[in-house]
Amino acid sequence: MSLLHRLLLLVFLALIPAAVIEIDNEVQLRTAREDEVRQTILRFAQLFAAEQERMMLGVRQLLFTIAQTPVVRDGSPADCQEFLERLRPGIPPYLRVRIAGPERITRCTTDPEGAGQPLHGQPEVESALDGAGFAIGSVAAPSTEPLPREAVALPVALPIQEVGGGIVGTAGALIDFGWVTHALASRPLPEGYALTIFDRNGVVLARVPDRPGTVGHRLPTSGYEPLEGLRAPAVMELPGLDRQPRLVGAVPLGEGMDGMLVAVSVERGAVLVPIERAMVRALSVIGVVMLLTLLASWWGADRFLRRPAYALIEAARRWSEGDLSARTGLADGRSEIGMLGRAFDSMAEALQAQAQAQAAANAMAHKAASVLSSTTDGVFEIDRSWRITFMNDRARALIGGRENLTGRRMRDAFADSTNSVFATHFQRAIAGTETVAFEAFYPPRQAWYAVRAFPSEDGLAVFFQDVTDLRRAEAARRHSEARFRAVFELAAVGIERLDRDGRYLDVNATLCAILGYRREELLEMTYADLTDPADLAMEEVLLTHLMAGVIPSYAIEKRCIRRDGQPVWVRVTSSLSPDADLEEAYRISIVEDISERKVIEGELTAAKEEAERANLAKSKFLAASSHDLRQPLQSLFFFSAALADFVPDGKGRDLLRRLDQGLDSMKGLLDSLLDVSRLDSGAITPTLEDFPVAAVIDAIDAAYAPLATGKGLEWRLESCDATVRSDRTLLARLVRNLVDNALRYTQSGMIRLRCKEEGGRLAIEVQDTGIGIPGDHLERIFEEFHQVGNPERDRALGLGLGLAIVRRLSLLLDHPVEVRSVHGRGSAFRVLVPLGEAQPAAAEAPATAPDGRGRFAVLVDDDAVVLLGLRTVLTEWGYTVLAAGSADQAMERLAAQDRSPDILIADYRLREGRVGTEVVRRVRERYGAGVPAMILTGETGTDSLRDAAAHGVPVIHKPVTPRQLWSEVERLLGASEGREGRRPKPIKIGKR
């Protein structure tokens, strides 16, 4: 028997128990379903039997009630008939009640045609009169109108007893089973089922569904014997009226209705044939499944067993014939046969490769000599008798270029290496089967060799290289590493090596001391674990740039969290360094503990902030003092100018000139205060332009040459034609302060003002032969109110603000100031100004005379003295003046005028919190936005400047000389009228 047949037999035997079990399950299922049908039939029969019992019980109770009625028991037939007539509507339609006396004649009835009808011989009447109680008679035809189908009536009777207990008649009824059949037909009954009611004689009282010729007839005598005398519900198989077997569920009615049966039947084939067919189908499916299983087993066995086996047999046959290229072709490597096939194929491949290798070995043998000759390694071979059988040229060169040693023994060729480390390793290699690799020093050549010895059956093949240079480099590297480790560990600062992810690779003892961790703990952490979260983001940005190659290194000051939870300030300088072993970049950082420095810096910062607050308070004080002094000083300027025309003689003029000089000095002091305040508050913004420095130098020369000459000093001017880039006004102020300072502190000798180009800058130098500056004062001379050689605070020598303003202007303009001084011999100050591009010279505009020409000027100031002085000066200049102390007063007085103002001059800070820009706004709203206006104020803060700029109004700070005021007024009027100047006229201040 073949393997395929054996497998099919095994599968068939395995299927037999399963088939037997399935067949038994189907038979049991059929029996269970047949029992279920029988129980269903019996349940229907019991339900209909219970309904008939309830109906008969109702009839009995109705007859008993009627029999107990006096009119029925004792009344006349007419009264009885009348009573039943009244009662008939409430009696069920399937009942006809009849009352009979002992003479067995119907006395009254619900059927008027039945009155007087004899009832002799009626079984139910006789039984009732004999005291049998409720009695059921035999079937009789109904006397009422027939129903649409054949119908029968069943008589019943109940005795009527008098008070004494004697029987005086019967109360009977006819039950119309035709009507009952009609009512039962409306009851739900499954298709194919039939309901039948029998009396004690086997007469069919009702059948649903109706079958002609059945109701009112007796059942056949043969085949229905089991129904006779039935006392308990039962299901049986009986022949139907059509002689077809039927399953019948019969239930006898209860006490008093002996012999009556209710039966529900169904044709046996209608309910059991589907069950039997289902069983046949199931058995058929089982048979088909078994057949398909056998077919699948045959296909699988053929596909996965027989064919692979034949493939193995065929491959083995071809191998036996010498064809090593044959393969089984079994690709499935998961099954045992597939694994066997793959093993066979691997064996064939190995055999084929071995054959090919053997064929190639011969060819390779011819190439081996040439390959060994051209390799960079020295190669020689020795046999097991220690005779050299091969040596290439490289080997001869490495051992000193000796003659060809092939054919000589090792101890003869290398007598000095008999007991060397080379001989020891060669003996160990030839005695074993494993390759021996080593490095050793060869004294005759003073060289190190790396040797690999490969043992074989024929002897030993030795490959070697000269590694002397590598050994020396390695020694140097180890020495360098040792020095690095010494520096690393003994450094006074923390040193750390980190990988690209920020994890510590190595740390020194100093870093451990700074952070409070042991070395082992730090090597398990990253820099981010120790960096304060507030500083981490900033370092991550720098680290990203470092890793991307954007920056070569970075330095950062940050806080680290020590092991005890305390922060420590450190300065980290980090850069990338290539790792020679891993060929990956790692990060090396120097970590310095700067906690003490941070404490000192904090103290210095606090001290600096305190000094700046004190300096700001001082500046505010200077500004406030300046404002309070400017108001009366301004009025003095105006009244001094007005007095000039009233002092004709020379002595009075001289006194008035001295008054003007005193006012000028006072104005200079207040301007210095203002400059300090404005420079400290940042209210001054330089306007850089290119201009010839001669414009500044010549103006200073014109102003200070007479003063120096008058003091008996030699005035030297060395001007130049250079063009500088600076703020013309601020540079002039800076140089003026230097010249003024030299003039104050020089009593004899000379003052020199000169300029010289140095590279891309112009050096403006002010040199004097004054008292000089002691060395310990050189850093303090630029402080406010600091003066050298003026312990008495002589106001003729100023307030000590000139050089303080020079320092502020130098920082603002970025013009460095240098100072050299010898105490007792003099000083030299140099200002370095950037050179600019030369500009074409502009023609100078001639000076204009104060000539108001009847223009209408509006003046607003809450200081009456200043307002009076300003009004006097403008009136002397030929203006028509309207003066007011407030904005409301000015608008009220303007309302009475029939002309618009030509110019408006207003103080900024007025009474009741009002400001001068409000006056400007209201005047321009009434007379147009083109009305020229200026703010003349003693305020030095930035609020007034910003407010005035928002309204397009220039600001002039008090005190202002009449000449300065006239120049600004003319500038505004010229801009308003579209011209730049006026016709020249001699300047004269006084009455016209």
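Residue numbers in this text run from 1 along the chain shown.
Placement of Cβ uses the backbone N, Cα and C atoms for every residue, glycine included.
Those TrEMBL annotations? Automatic predictions, nothing curated.
Noted in TrEMBL for the protein shown:
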TRANSMEM  278-299  transmembrane segment
DOMAIN    303-356  domain 'HAMP'
DOMAIN    480-550  domain 'PAS'
DOMAIN    554-606  domain 'PAC'
DOMAIN    624-837  domain 'Histidine kinase'
DOMAIN    856-973  domain 'Response regulatory'
MOD_RES   Asp907  4-aspartylphosphate
Can you check which residues sit near the residue listed as '4-aspartylphosphate', meaning Cβ under 8 Å from its Cβ, same chain, 6 or more apart in sequence, and list them in order?
Val860, Asp861, Asp862, Asp863, Val866, Gly916, Ile935, Leu936, Thr937
Secondary structure tally of the domain 'PAS' (480-550) (DSSP, helix then strand then coil):
41 helix, 12 strand, 18 coil
Quick one: average pLDDT across the domain 'PAC' (554-606), no decimals.
85
Per-state residue totals over the domain 'PAC' (554-606) - DSSP helix, strand, coil:
12 helix, 29 strand, 12 coil
Residue counts in helix (H, G, I), strand (E, B) and coil for the domain 'Response regulatory' (856-973), per DSSP?
58 helix, 24 strand, 36 coil
